[in-house]
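J.: Take a look at this one; I'll ask things after.
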Amino acid sequence: MSADKFYIEKELSWLSFNERVLQEAADKTVPLIERIRFLGIFSNNLDEFYKVRFSDVKRRILINREQGGNDISKHLLSKMQSKALKLNERFDELYNELIRDMARRHIFLVNESQLDEAQQKWIIKYFQKEVLPHITPLMLTDEIDVLQFLKDEYAYIAVELKQQEQAKYALLEIPTDHLPRFIMVPEQKGKRKKTIILLDNIIRFCLNDIFRGFFDYDELNGYAMKMTRDAEYDLRHEVEYSLLEQMSEGLSQRLTALPVRFVYERDMPEDMLKYLCYKLKISHYDSLIPGGRYHNFKDFIAFPNVGRDYLENKPLPPLACADFEGYANAFDAIRNQDILLHYPYHSFEHITELVRQASFDPKVVSIKINVYRVAKNSRLMNSLIDAVHNGKRVTVVVELQARFDEEANIEWSKLLTDAGVHVIFGVPGMKIHAKLLLITRREEQGFVRYAHIGTGNFHERTARIYTDFSLLTADQELAAEVRGVFSYIMNPFRPIKFRHLIVSPRNSRSQLYRLLDREIHNAQAGKKASITLKVNNLVDKGLISKLYAASSAGVKIRMIIRGMCSLVPGLEGISENIEIISIIDRFLEHPRVLVVHNDGDPQVFISSADWMERNIDNRIEVMSPVRDARIKQRIIDILSIQFTDTVKARRIDKEMSNNYVERGNRKKIRSQIAIYDYLKNVEKHTRKQKGQVEPNDNNQ
């Protein structure tokens, strides 16, 4: 905890979140292949931590050094490094444990020294045909600025070519852009065992085939390494350059940014390590981490199953939403009543189908959507292009600064513009993180607007693994305000008022304060008062102070926080009425929801915004009331199920101990599975009421 005992540093809280991910890899009740994939998720998270959080603290240190500041950031950086090293040590222990567990199931992840003669012959052939064409050594000399050529977050093999007392060094990029990281080695017929080798080890086995005939050496050794660069970039914000041009330049900056982490194989010779640090300009503020033979463990997210179903999670087929059934089109269904989709339990196909129908429906005159992250081959985006071809007015607000998706969004922007879509890049200096879709139809009574307000991205792939809400409504008051958000994006200086939607940066802080203050006043008046909050991150000090005030006034507060949480629960007289859990399971918890008791007339809101200063004050975010009583109760039920979790819920406390919620005599409840069953029953009940046939699970 910081000197201010009321707040946990967000960077340390983030590492505590990633420790919860590592707990899933350690959990023996999780299927084996899924445990290995959690190692990949942990590693991918840690890569992003160094690119973003670590880099930010390092920059603060350098600024303080230039301006004569204090050592607070240095102290924080030291704590971050210490915690990250401990997590890496635990990671290595778990990796070795999982390798042994796989071997007990006749699955072997082998290195180059464990191959039999037949396997060696197969490996040599595979290398010559598939791998060697993608290998070009980068020889390290004093004249070459290797920092210009080394790719961020790529795994390399650093090669030592020794001849007597002299040594030359070279770098080999492991070509995972062209080849799979995991290679199945054929076995003799009738053998039960499955053998997998990493591409890294195939290259190690064939090092001589790369260098022989070009260099003289007595000994050849390879060592794993990886470098992480600072992910930030500066935009010039100059009038003569478009945002698209500025972003392209910014991404070029990222390609050559200075390193913030260097991970190397711990057996690497000292002279070689010193030379690489010199060539890569590694400073003492950067993180130098000794590791094992393999880096870029994020690739383990895609670790292959070898044909044994029990080693993976049982599939949960996405549910078809019965509210759409029995209507000629999606618009008739939405006009009849508001519809709530909860991914990945519900199929995202409902959204792609809605946009597909809008693309050719003769009544549709316009489509507006804002895009933060989308799939590479997005059907939804292609439907928007089809809509333009069919004469619809299509406006797409593309967020070019969606971190690590910038290149994909630039490419989509070009494709959409070429097709005739009106592409807008939003408000300078302010990310657009809202999840809005607005479709306008010309109907008998005039123009009718249909709106989507969501907590997650329009991304077909992540909708299968992220939990999120989509609210579809023909409520003309809400739809008019969604139209107002698009107007605000196009002209942020034009005065506009929102009576129903809560929109960052216009009124989010004041409206959230108003909602929390009302619960405080009700508690002080002796009335029942409660707040239920679910977000990814809670770090905004102003909102945390309000929550402390609410707790002190007697408001009962329950929260589900997946990631960073700077609020300290359980402080005497300050946060005793605050209970916080975090759920890490097969799906990534992503919705933002607020429920306030409101003197017995609960108000429910869904939002795109986390409770962070950037989201409340410096981004365009949308929080919407849920007005349909049926849907309000459904969201409250889902949150209630999560608070009964006795399998995957951890308590958030001031020590960041990540203890699982005590089960006691209660039965096991795994909330994600329980929510799936709950929604399945909801759909079954809806079909029964409508007299419709239950679909076959295989078709859901």
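Using N, Cα and C of the backbone, Cβ positions are placed for all residues, glycine too.
Source: prediction; values computed, not measured.
Taken from Swiss-Prot, the feature ATP binding site covers Asn45, Tyr466, Arg562, His590, and the record attributes it to sequence analysis. Taken from Swiss-Prot, the feature Mg(2+) binding site applies to Arg373, Arg403, supported by sequence analysis. Under the heading domain 'PLD phosphodiesterase 1', Swiss-Prot lists 428-462. What Swiss-Prot lists as active site, phosphohistidine intermediate is His433, and the listing cites sequence analysis. The feature domain 'PLD phosphodiesterase 2' is assigned by Swiss-Prot to 585-615, with sequence analysis given as support.
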J.: Per DSSP, what is the residue count of the domain 'PLD phosphodiesterase 1' (428-462) in each of helix, strand and coil?
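T.: Here the numbers are 1 helix, 19 strand, 15 coil.
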J.: Within 10 Å of the Cβ of Tyr466 (ATP binding site), how many other Cβ atoms can be counted across all chains shown?
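T.: Around the Cβ of Tyr466 (ATP binding site), 18 other Cβ atoms lie within 10 Å.
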J.: Could you round the CA separation between Arg373 (Mg(2+) binding site) and His433 (active site, phosphohistidine intermediate) to a whole angstrom and send it over?
T.: 9
J.: For the residue listed as 'active site, phosphohistidine intermediate', which of the binding-site residues Asn45, Arg562, His590 has the nearest Cα in space?
T.: His590
J.: An 8 Å radius from the center of the Asn45, Tyr466, Arg562, His590 Cβ atoms defines the neighbourhood of the ATP site; name the other residues of that chain inside it, in order.
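T.: Everything else in range on the chain: Asn536, Gly563, Leu588, Glu589.
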J.: Within 10 Å of the Cβ of Arg373 (Mg(2+) binding site), how many other Cβ atoms are there?
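T.: The answer is 17.
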J.: CB neighbours of Arg562 (ATP binding site) within 10 A?
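T.: Taking all protein chains shown, Arg562 (ATP binding site) has 22 Cβ neighbours within 10 Å.
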J.: Identify, in sequence order, the residues in the chain of Asn45 (ATP binding site) that are 6 or more apart from it along the sequence and have a CB within less than 8 Å of its CB; answer 'none' if there are none.
T.: Asn18, Val21
J.: List the same-chain residues at least 6 positions away in sequence whose Cβ sits under 8 Å from the Cβ of His590 (ATP binding site), in sequence order, or say none.
T.: Thr455, Gly456, Tyr466, Thr467, Asp468, Asn536, Arg562
J.: Is it possible to list how many residues within the domain 'PLD phosphodiesterase 2' (585-615) are helical, extended or coil according to DSSP?
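T.: The composition, in the requested order, is 6 helix, 13 strand, 12 coil.
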